[in-house]
Structures are given as structure tokens and as C-alpha cells.
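**Student:** One structure, pasted below without further comment.
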Amino acid sequence: MARDPKHDILFEPIQIGPKTLRNRFYQVPHCIGAGSDKPGFQSAHRSVKAEGGWAALNTEYCSINPESDDTHRLSARIWDEGDVRNLKAMTDEVHKYGALAGVELWYGGAHAPNMESRATPRGPSQYASEFETLSYCKEMDLSDIAQVQQFYVDAAKRSRDAGFDIVYVYGAHSYLPLQFLNPYYNKRTDKYGGSLENRARFWLETLEKVKHAVGSDCAIATRFGVDTVYGPGQIEAEVDGQKFVEMADSLVDMWDITIGDIAEWGEDAGPSRFYQQGHTIPWVKLVKQVSKKPVLGVGRYTDPEKMIEIVTKGYADIIGCARPSIADPFLPQKVEQGRYDDIRVCIGCNVCISRWEIGGPPMICTQNATAGEEYRRGWHPEKFRQTKNKDSVLIVGAGPSGSEAARVLMESGYTVHLTDTAEKIGGHLNQVAALPGLGEWSYHRDYRETQITKLLKKNKESQLALGQKPMTADDVLQYGADKVIIATGARWNTDGTNCLTHDPIPGADASLPDQLTPEQVMDGKKKIGKRVVILNADTYFMAPSLAEKLATAGHEVTIVSGVHLANYMHFTLEYPNMMRRLHELHVEELGDHFCSRIEPGRMEIYNIWGDGSKRTYRGPGVSPRDANTSHRWIEFDSLVLVTGRHSECTLWNELKARESEWAENDIKGIYLIGDAEAPRLIADATFTGHRVAREIEEANPQIAIPYKRETIAWGTPHMPGGNFKIEYKV
């Protein structure tokens, strides 16, 4: 199928200095948890996107010196020849597919905690990081400035040696160049502080030095936070931003534009809960107005129509993407081939980002279960090993895990029967996507629905059976399938069982008229009173989402939370605006409080720290702490129990108890996946469905086969002349 001619503009080549982008699709620098220490992961993840048609692939932020060490998080590094060797694996693989490779040179100032190197970071002035804990920098004198600028030059030369085509001076997200430019950080009174011209001096000099060193071989880019979105007192696009672009335009070959700062970089990597694609256009277009160089901006671009609007209206020249490239590494190729309904659209949940925020474990993706698994498991997002046997597979449950398993199995040539009691695939995601701001999460369901519909046309023996009665163990055993996958999901606890006490709460019972589970709130069938209390022991989105839904509908909402409310939303960058939203709606929170018992219309709550700080051994059967005297009663008209989830695995348990009957019914194996195995993130539920489907022919698909680990082996020196002998300097 040919692409629509109006999209031809997206495939025009773009010249950036001495290099040429083959089209306008550009993967901006983004973290994956590979850095320089996992070259297989780094090269495989970036190169599969090069295969998918992206014009350029960048590393994550890449440290130029041990003074810029982001441990506990995992960045790339280009400190020495060992890093050059490891990163060259990426550039070599990317070049095989005709794409350019870029590196983002990073010096963090006080935002680099240096937990591994224990070096002292330097900055324009001495300040404490608002992002890191107990991290201060040394104010740079003139010799410090010259030395750090040389760090950039040396790193740029190593980058060229590693095969990189594009070299960034990273000045977004409150890192060193922007710290000099921003009066929020820069309190200097010498030639590097005060006026805009002085505050810009460090950045301009650094660009000039890097360009002189490698500019004939590499395109020079800078990532610029054109507006910190705090208003006066920091960087504003039409006050300082545009003027700086005019100052630096001759020194760069391409502008990569962001907004926001390090403390709230979710203003740039906007979650779909709060921001639609293209949300940064009002700022990016201001740069395009004054620059003579190619300009790119990000905005979770997934729709080709939005992409051509950006180019034809002159907002930007290049479509910058991070999250959309993770969700679908073959997005450019699918647009080029006119396969628009095959695009795996990023849902904007920011679970990919959460892994970096947590500290750098391998990146995952809710939409694309192969993300991060390209090297270690050998998974390709568009290629599947074709089965040589004729096994049929019954999948009970068409939620995120079951529908993903069905898709992968059908792609691999199996006959699949996917069944569910609901009228639509998606499982609990159908309710979740109806919560405020989460509509785009339904793209997860839509992609699988579209692909399964297509695959059913190819394999006439496969079936999708929705709106069915619940299957019993007898139904499964007598169905006639060779293999069975149970994907019956999870539900919220009706009795208040929670992570704090691991027991039900006396009086908790969602069958009562004044108590509800989240599912009951979302399905809207049960009457909800004016005064609502949400009892929370969940650390993700459910309690604040229900609070927003109910408060918007006119209810008076109080959240009683025994855990840090919405803690995981810190990692997905949703937390600041979620808290602002609850404040706007006058939602009250009683943090560090939980419930001891419930009676009609009221609940007894207590401060979880109310048992005192002193501990004394008092013998068996007696608490070593004092009695908690903080108990008090609060009233409600309706109580929502957001205390925990449990797997709906009754069918699995019944089948497992009758395992001796499997063989006599010609069943080779029955497997449990997704939330039915254990409640988890949608991304992880999707992954388990994908994994079991990929490994369905293994001896026991329930247990994952070992993946390739990238480790430093004893006796393999990382640096030239290095060794792994234990030697003490005495």
C-alpha cells in the first residue's frame, strides 16, 4: 500500500552541517538503561529503529567526565577508550541501515550526584540541587571554566572516534550550559554573569570549541531549553530564548528544542494525562522564527497528519521523537508504506521514563513488549519465528496480557481462540481509559484489536469470541485445544486487604451500599453519596484518578492514605500536575493515616506513626512499642476501597488441581499470564503475554528461558593496560 502523497514531505532529506538526514524522522536522545556498560542492549535498541526508517538515533545523555556522574541512574559515558569501544558498537549497527548516530554530551553541575566517582561537580555559582539530594557544586573560577570546556572538546573527539555523526552540547533540563544562561542558577558578577550576553558566554564558547574540534566531521547540535515555563526570573522564550538562538545560530547545525527544567521535566516529556501531542509547538515555533538552521522539537508525535502540519506551517523542520520511537521502532517505515493502522501508537503513560527515574533498570514500554529485549532476548518488534507445528491455543481472557499473547501467537502461525466474557477486548483497561485524562491509554487496546482483526482474516481457523459465559474447568478441559493460556486478570479487593496489614479491615465489605471498589465507581451502577472518603494503600494512579473523577462530579472527596499517595507518579512525571489538579478540586488528603475498622457511615483511622519512637522488649505477646493513641473516627456517605488487588485465578487453580486430566484431554500444557498470575503494571502484564507466546514451544513456557546478560568478566580490562588484579597502594 502506497503512502498518501501529502506525507511525501516527511521523507525529504535534511542537511545538518556535513551530514544528511535521510528523512525528517529523528529519535532524540533518551534513556534506556543501557549507557556504555551494555553495548549489546544499546546497539540493538537503536539499530532496530534505524532498520525501521528513523534518520538518526541518539544515545541517552552521555557523561563527559567523572565529575558528571549520575549514579544511581544509568547514563552513557564517554570518559575513556573503553567507552569509545562500547559505543562504537552502536554506531556501527546504526550505520548498517543508513541512519546517523548522535551523542549528547552532558555535564550536570550539582544535578550530577557523583555517587560513584565521588568527584565535586562544578557550576556557575554554588547552589544546592533542587532535583538531587544533598548535592552542591563548587563555583567555577576562570581556570575551572577552561578545564570543563576542554572536557567537552575531549569528549567530542572521542565521540568522533566512536563513529558518531552528530555531537550535542546538551543544554536543556537545567544542565551546565543552561545553568550559566539561567539567572536562577547564575549569580556571577564577572564576564560570565549578569547580562544575557555574559550569561550566554560559556555556552557560546563551548560550542565554538567543539565545532572547531570536530565540526568538519560531525554535525554540531545543541539541546536548548528555550523556556523553563516558570515565567519571570528564569528563561522565557520571548525574553532570553530567542535572543540566545540568534547569538548561537552560526555555531550550530541543528537546534533540538525542549521546555521545562530538571525538577519538572514532565513539562517537556508531557504525559498524555495532561498533554496532547504537539503541546510544545507554541515554544518551538518561536525558535524557528529566528533560526536559519534546522529546528526540531518533541511532542509525542504519533499522527502523520500532525507531523505534516508542523512542517508545512513552519513550526519545525524535523520531527523529534523519543517515546513514539520506543512504542513503534518502525513508525517511519509504516508511514512510508501507507500502513497507518499498523502504527503502535504511544499511549503517553511514561512508564518508559519511570525506569530511569527509579534509577536506571532496563527501559520497558506498555505498548511494545520488545523494547529493551532486542538484544538480551532476541525479540524483534516486527518479526516472529514461524511455528512448524499445528498446535491450537485457547486463551481465556482478552485483556492486555491475553490479547498480546493472541497477537504474537497468530503472528507466529498458530491457530488461536481468544475468548472473554466482555463485549470488547481490553480487560480492565477499558475502565481505566475512561478515567480523567487517560483516554489515550486505549490505544493499547486499539492496536491489538486492529492486528487481531487482520490476523483473523489470514487464519480462518482462529477465532475471537467475546461476550461469552465464564469458562469452567470442564469447559477448558473439553475444549479441544492443544495448549491453554489463562489470562483472567485481577480485581480490587472488596474486604480492604492491603499492603500495610496484609489482612482484611474489620467491617470492610464492598457489597454494602455505602462501600465501593474502584470497579464499582468506574462502572457507575452504584449510588455514591456527597461525602466520599477514598481509603488508599496503592502507590500508583487509581486513588488520585478516582478523586479527580468524583470531585469533578461534585462530590466532597477526602483521601486517607497509609502509603505515599501516587508515589509511582513521581516516576512517570505526572505527580506535580496531579497534585495541582487535586488542589484545584479541593480534594483533601490525610497522609500517613490508615483505617482500623469500618462501621456504617464512619471509619476509625489512625496515624501510622502513632505508636511512638521508643522500643522496649516486653516479652512474648506484647508489642515492643506503646499503644497507638491516635485513633479517631471520621464520617462518610460513601467509602471507596483502593487498598489492593488480587488475581482472579480461580479457573487456573481448578485446572491445576486437575492436572492429571490434562493429558487424557490431549492438552500439552496450561499456562498463567498477566494479572491472573500477579497484579502488575499494564506494561508488565503485556510483557508476560508476549513472553509466553514467544516461548510457547519451550519445555515449560511458564518459566522464562535465561536471557543474555552483559557483565564485565573478571580478567577483562576495561582500560588499555588495565587489569583486574587486587593491588593496594602502600
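Quick reminder: no glycine exception, Cβ is built from N, Cα and C everywhere.
According to Swiss-Prot, the protein has these features:
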ACT_SITE  Tyr175  active site, proton donor
BINDING   Pro29, Cys31, Tyr61, Glu104, Arg223, Asp268, Arg300, Ala322, Arg323  FMN binding site
BINDING   Tyr170, Gly171, Ala172, His173  substrate binding site
BINDING   Cys346, Cys349, Cys352, Cys365  [4Fe-4S] cluster binding site
BINDING   Ser401, Asp420, Thr421, His428, Met471, Asp675  ADP binding site
MOD_RES   Cys31  S-6-FMN cysteine
**Student:** According to DSSP, which kind of secondary structure is Gly171 (substrate binding site) found in, if we only use helix, strand and coil?
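**Tutor:** For Gly171 (substrate binding site) - judged by DSSP and reduced to three states - the answer is strand.
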**Student:** Other than Tyr170, Gly171, Ala172, His173, which residues of the same chain sit close to substrate? List them in sequence order, counting a residue when its Cβ is within 8 Å of the Cβ centroid of the site.
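**Tutor:** Apart from Tyr170, Gly171, Ala172, His173, the close residues are Trp106, Ser174, Tyr175, Pro177, Leu178, Arg223, Phe224, Gly225, Thr258.
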**Student:** Using C-alpha positions only, work out which of the binding-site residues Tyr170, Gly171, Arg323, Ser401, Asp675 is nearest to Cys346 ([4Fe-4S] cluster binding site).
**Tutor:** Arg323
**Student:** Just checking the binding-site residues Pro29, Tyr61, Arg300, Cys352, Thr421: which sit within 10 A of His173 (substrate binding site), CA to CA?
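**Tutor:** None, since no candidate lies within 10 Å.
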**Student:** Among all protein chains shown, how many Cβ atoms are found within 10 Å of the Cβ of Cys346 ([4Fe-4S] cluster binding site), not counting that one?
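**Tutor:** Its Cβ has 28 other Cβ atoms within 10 Å.
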**Student:** I'm trying to understand the geometry here, so how far is the Cα atom of His428 (ADP binding site) from the Cα atom of Cys349 ([4Fe-4S] cluster binding site), in Å to the nearest whole number?
**Tutor:** 16
**Student:** Within a 10 Å radius of its Cβ, which of these binding-site residues (Arg323, His428) has the fewest neighbouring Cβ atoms?
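**Tutor:** With the binding-site residues Arg323, His428, fewest surrounding Cβ atoms within 10 Å: His428.
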**Student:** For Pro29 (FMN binding site), identify the closest of the binding-site residues Cys349, Cys352, Ser401, judging by Cα separation.
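**Tutor:** Nearest by Cα distance to Pro29 (FMN binding site): Cys352.
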**Student:** Just jot down the residues in the same chain as Cys352 ([4Fe-4S] cluster binding site), at least 6 apart in sequence, with C-beta under 8 A of its C-beta; none if empty.
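**Tutor:** Set apart from Cys352 ([4Fe-4S] cluster binding site) by at least 6 residues yet with Cβ under 8 Å, we have Arg323, Ile326, Met363, Ile364, Cys365, Ala371.
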**Student:** Near the residue listed as 'S-6-FMN cysteine' in space, meaning Cα within 10 angstroms, which of the recorded positions do we find among Tyr61, Tyr170, Tyr175, Arg223, Asp420?
**Tutor:** Tyr61
**Student:** Determine the C-alpha span of the ADP site listed in the record, that is the greatest distance between any two of Ser401, Asp420, Thr421, His428, Met471, Asp675, in Å to the nearest whole number.
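**Tutor:** Value for the max Cα separation, rounded to a whole number: 18 Å.
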**Student:** When a 10 Å sphere is centred on the Cβ of Met471 (ADP binding site), how many other Cβ atoms does it contain?
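**Tutor:** So the Cβ neighbour count for Met471 (ADP binding site) comes to 19.
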**Student:** Rounded to the nearest angstrom, how far is the Cα of Asp420 (ADP binding site) from the Cα of Tyr61 (FMN binding site)?
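**Tutor:** For Tyr61 (FMN binding site) versus Asp420 (ADP binding site), the Cα atoms are 44 Å apart.
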**Student:** Within 10 Å of Arg223 (FMN binding site) (Cα to Cα), which of the binding-site residues Tyr170, Gly171, Ala172, Cys349, Met471, Asp675 do you find?
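**Tutor:** Within 10 Å of Arg223 (FMN binding site): Tyr170, Gly171, Ala172.
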**Student:** May I ask which of the binding-site residues Arg300, Cys349, Thr421, Met471 is closest to Tyr175 (active site, proton donor) if we compare their C-alpha atoms?
**Tutor:** Arg300
**Student:** With a 10 Å radius around each C-beta, find which of these binding-site residues (Pro29, Gly171) has the fewest other C-beta atoms nearby.
**Tutor:** Pro29
**Student:** Have a look around Tyr61 (FMN binding site) and count the other CB atoms within 10 A of its CB, chains all included.
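**Tutor:** Result for Tyr61 (FMN binding site): 28 other Cβ atoms within 10 Å.
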